[in-house]
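J.: A single structure is presented below for examination.
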Amino acid sequence: MLNVPSQSFPAASSQQRVAPAGQSGRNKVALKPGHSLMDWIRVAKSGRDLTGLRGRLIDVTEEELQKHNTRDDCWTCIRGMVYNVSPYMDFHPGGEEELMKAAGKDGTDLFDQVHRWVNYESMLKECMVGRMAVKASTALKAHSVIKDSITHLNGLAPPPPPTSMLPPAFLTPPSPSSSLQPSAAPPPTQPKDARPRYDWFQTDVTVNIVVYTKRKLPSSGCTIVDLQDGVLRVEVLLGKMSYILRQCLAQEVDGSVAVHTACAVGKIQVSMRKAAKGKWEELGEPLEFHDSLFRKKDRAIFYRECILVSKTAVTHDTWVFRLQLPLGTLMHVPVGKHIYLKSLIQDSEVVKPYTPVEETLVPATLDSTQGTAATDIFLMIKVYPDGVLTPHLNNLNIGDHLSVSSPDGPFSLRLLREVTHLYLLAAGTGFTPMARVIRLALQDLGSLRKTKLMFFNRQERDILWHSELDGLAAEDERFQVEYILSEPCDGWTGRKGRVEASMLTDFLVRPEGSKVFVCVCGPSAFAELTVGLVRQHCFSEEEIHVFQG
């Protein structure tokens, strides 16, 4: 029997995620009254027998798992653990149909495709039937893999195995702890000279780590540094890959760190000041998964504790939360990426993704944010009275801590390369990823001729950054905004209704010789309908990106 390691993916409850370009993600269904996430938490804590086994845990063979494949008797396997998900069927935001795709079989791959970051262990712990039993021959073959990968560290999860019923193995083995030099062994899927490497040097007062990525780098957002309690973690985001260094430093350093990037040659230098002058005999002790290259989608999500420093009202129910990164952390969230917030609510981990905004829609000066390391994260969050996470966030006091993940999401600035006409369709808080896209487009896209935002809301009071958007449209002729209200007051003179084909006819124009791109964000129903309408206007998959709201 396999002892499958515990996973610490972010945690139960959110269906928000950023979908790949041209995709709107999974469908959501309207849940019956009394079937919210909070209702499920209450059911799970009620003491009811949700497995049908009266508290027993059993070893489940593949043959046994396959028998439980009906709506009222539905077992599934996630990373070697078997759960009876029948009681959860009516609480699943994706609906019964989505869960039934994994009925009676291993659902790990399906789970990872939609929300690998959800802490299913916390959400389904009362539904656990037991572990998958593995045949003796399979277990013997997997023995060495299990021995090396049984430990799971926060922020580092190995890639998925050939069969998801077995524990994972490394994409790239970590360097031996006896050596401080970078490993020369490349991943099997990459040529030797494509793999990043690192080195280090020192002065009397500083210690410096240099990463040679061997590729051109973006101007910001590719390096994340966390220095906590003498442990240095450096993550370099390289497209679909992630290169990670983890060292327990040999001696003390000051809490702050600095990062210098030579983008053209792909060189990154992380510098720290020594607490005491002198020569170090070694950098420190490499920790597990040090000097390793992972597929970005396969690594677990790393969190650090941030401090709430302010909360500013935007509308009657939406606030900008300003979170301060801890001393020792350097992290810039690239445009279009999101982070996850994690909190413990009623003994259950709850996680939700949010796309950061800037402090203002447009800075006072064009260079006001250039060349400075970001120490604060701004999140525009709508508080739902009957929600799970947002009331908790709204009740936080200034100075309280909140777990914040590293950036995630597939959006790439390459999508906007040479774009001349950018069209943004947003509903409600689906505006949040658009805010930084607008700012980037007007400031940094030399090819841009026009950026147009069509912004859907219920009432005028719901429009986020209303005056700022109007001011930007008045100041920059390349930007245009139009508001559509579904429940306007009598004095509203703008357009009314919901998104429909006729609205987009004049909005989505394709001038001769132009390169166009469309971004969509909002509730799932809005996103799916809007993407369909955009496609009807002859826009291709490559010309559409959906931020799943």
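Cβ from N, Cα, C; glycine included.
All TrEMBL annotations are machine predictions without curation.
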J.: Checking feature assignment: region 'Disordered' per TrEMBL, candidates 1-29, 59-87, 88-116. Which range matches?
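T.: The listed stretch tagged region 'Disordered' in TrEMBL is 1-29.
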J.: Which value does the mean pLDDT take for the domain 'CS' (193-284) in this predicted structure?
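T.: Overall, the domain 'CS' (193-284) comes to a mean pLDDT of 93.
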J.: Mind tallying the domain 'CS' (193-284) by DSSP state, helix then strand then coil?
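T.: Secondary-structure composition of the domain 'CS' (193-284): 2 helix, 55 strand, 35 coil.
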J.: Across the domain 'Cytochrome b5 heme-binding' (57-133), what are the DSSP residue counts per state (helix, strand, coil)?
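T.: Its residues fall into 32 helix, 21 strand, 24 coil.
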